[in-house]
Amino acid sequence: MEIPLLRYQSLTLDQIQNHNNRSFPFLFSKSKCLNQKKLFSGYGFSFNKTKWKNPFWKIKCCSLDQGLRPRPKPKPAKVNIDVSERSNFVRRPSVGICSQIEKSVLFARYREALDLFEIFEIEGGFDVGISTYDALVNACIGLRSVRGVKRVFNYMVSNGFELDQYMRNRVLLMHVKCGMMVDARRLFDEMPERNLVSWNTIISGLVDVGDFVEAFRLFLTMWAEFSDAGSFTFAVMIRASAGLELISIGRQLHACTLKMGIGDDIFVSCALIDMYSKCGSIEDAHFTFDKMPEKTTVGWNNIIAGYALHGYSEEALEMYYEMRDSGVKMDHFTFSMIVRICARLASVEHAKQAHAALIRHGFGSDIVANTALVDFYSKWGRIEHARHVFDKMTCKNVISWNALIAGYGNHGLGREAVELFEQMLQERINPNHVTFLAVLSACSHSGLSELGWEIFHSMGRDNRIKPRAMHYACMIELLGREGLLDEALALIRGAPFKPTANMWAALLTACRVHENLELGKFAAEKLYGMEPDKLNNYVVLLNIYNSAGNIKEAAGVVHTLKRKGLRMRPVCSWVEVKRQSHVFLSGDKRHPQRKEIYEKVDKLMLEISNYGYVPDNKTLLPDVDEQEARIRLYHSEKLAIAFGLMSTPYWVPLQIVQGHRICSDCHKAIKLIAMVTGREIVIRDASRFHHFKDGHCSCEDYW
């Protein structure tokens, strides 16, 4: 079947754009191709078979004497043997060693296979067959060893091994899989003959490294030469269109697959679901998923990930339960996604179920899924669970360490975070910039000034990591916590880069806490220039003016808010009871148990008044407006706490989540509520975790 795309034998952009064949518009439309001329500029590659100065069969590899075990020098008789003389060279049989290499590769002992191959390199003159070379190619791919690729390929060349079409494709695949795309492209261009396998290998390699435009250029050349392509090729090109985020190209490729009768192919369908999701059309993704004759694990994972990507967390969770009920086998990617979705939904119970299913299905030791669990439990108030999962992990990477260190920091456990960081260094795990952000944030949240500065200076001194703006923001917060506002301003001005909004925001928060009007106004003005439409900056300054009693300036901020049309969304808090989330707004009257909830709040306020509680009318919430202040007694967090106390056993810590920073009045009240009820109350606000227990908070009244 002839596809109109086959007529595009020239890759000249003007010729492509001027083509008037309406039956199959060219893949790159004028309106959505990210500025075609700019995109294709610099890609003047000629697809004619280039004649290189050095044919690939004469390429020498100089990596043989790098990093190998000590070995005897080559015998003089074997030096400078010309290729033409190899016909007279007596080759030694190597059946035993070759058999051992192939057996090692069969059982995935790739390192052992390459160690045995070293015997060939040292002695030379062995007769190595195609099956052994094929096994060595698998070993290099399995280890992703660039050095191994060079060793094996150099031995082929130096021993005059004649590569047939199959082995040329295997050598090409070996270079592609190990990320050696420059060498792979040279080998591809020098191939005397190419088949569909050759084209698919180089095109998929280009897609893997993100060179989507060049992949499309080669795809069109392949069409012109072969007038054919299989499901694998289309799946790869659909991935490329997803990488370019051009849904029009993906739809045309989809149409091609339907015309060729491969639209129901599993690989094509999964690629289409992923493409439509990434290009913003979850409806098309679900339609493609519904049309799959056999819904595979990858298909389910793709559609669940698509819903999660677009913020449809509840729908994604429902799809997960449908997948479970359908009997399709779930893998560690499935569970990792669900744990992250539960983190977005703040659903501890659903996450616990996913954790149990993860273990039941045999993925209890999977590093990706367990790291997701550590991150989830850390973010949602179960730091003990996070540490338990972390300690049970047989293999940990830097992401695993970062997740737990950040969790300790967010919970106000700065010393534990620093101890874990030191343990990480002792186990020779190299920290990255995220590690230092986590541990510096932990120091700032816990007021560990000396430790924070020592770690900050060690970044460049011991680890050769240049501090970024986010690290400076942590140090500004640390100085602000101690009331050293002038020093914090000096650190901002002395930074080796232009100060960012996060740095000024950290200073503004410190000014709010310490009621420094002039410096707060200065920091707010800097933020207005960077983030003129961010409401929180205006409200924090409004709080500063109200605290200082500057009514005129506060009115000016309110006027600015109205002029810009900025209005805060209603803030909410929620608590999970029996796997169901109960959401509360300030002054909310919609809950079916509203009467009992309000009576509980009144009773709590009366009890804590006996311990000196007096409503604070001085400041607003850090990031909500005056309307919220008028219903201060029934703020959303107080309603959620009252309902949680009514609905959960007394020995269970109460977990509240809210989308705004807790106000000073609620913070003071909840400390006393935790004391009079004997309950531990954990609140995750927009800033951090607050652990209220026995009249104290883990934040030490700084947030």
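The first residue you see is number 1, and the count goes up from there.
For all residues, glycine too, the Cβ spot is worked out from N, Cα and C.
Curation does not apply to TrEMBL; its annotations are automatic.
Sequence annotations record features per position, and here TrEMBL assigns repeat 'PPR' to 195-225, 296-330, 397-431. Feature annotation from TrEMBL assigns domain 'DYW' to 612-703.
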Over the repeat 'PPR' (296-330), what is the model's mean pLDDT? 91
Per the Cβ filter (under 8 Å) with a sequence gap of at least 6 from its ends, the repeat 'PPR' (296-330) is approached by 266, 269-270, 273-274, 276-278, 280, 282, 285-286, 289, 337-338, 340-342, 344-345, 347, 350, 357, 361
What else in the chain is close to the repeat 'PPR' (397-431), if you only count residues 6 or more beyond its ends and a Cβ gap under 8 Å? 367, 370-371, 374-375, 377-379, 381, 383, 386-387, 390, 437-439, 441-443, 445-448, 451, 455, 463, 465, 688-689, 691, 698-700
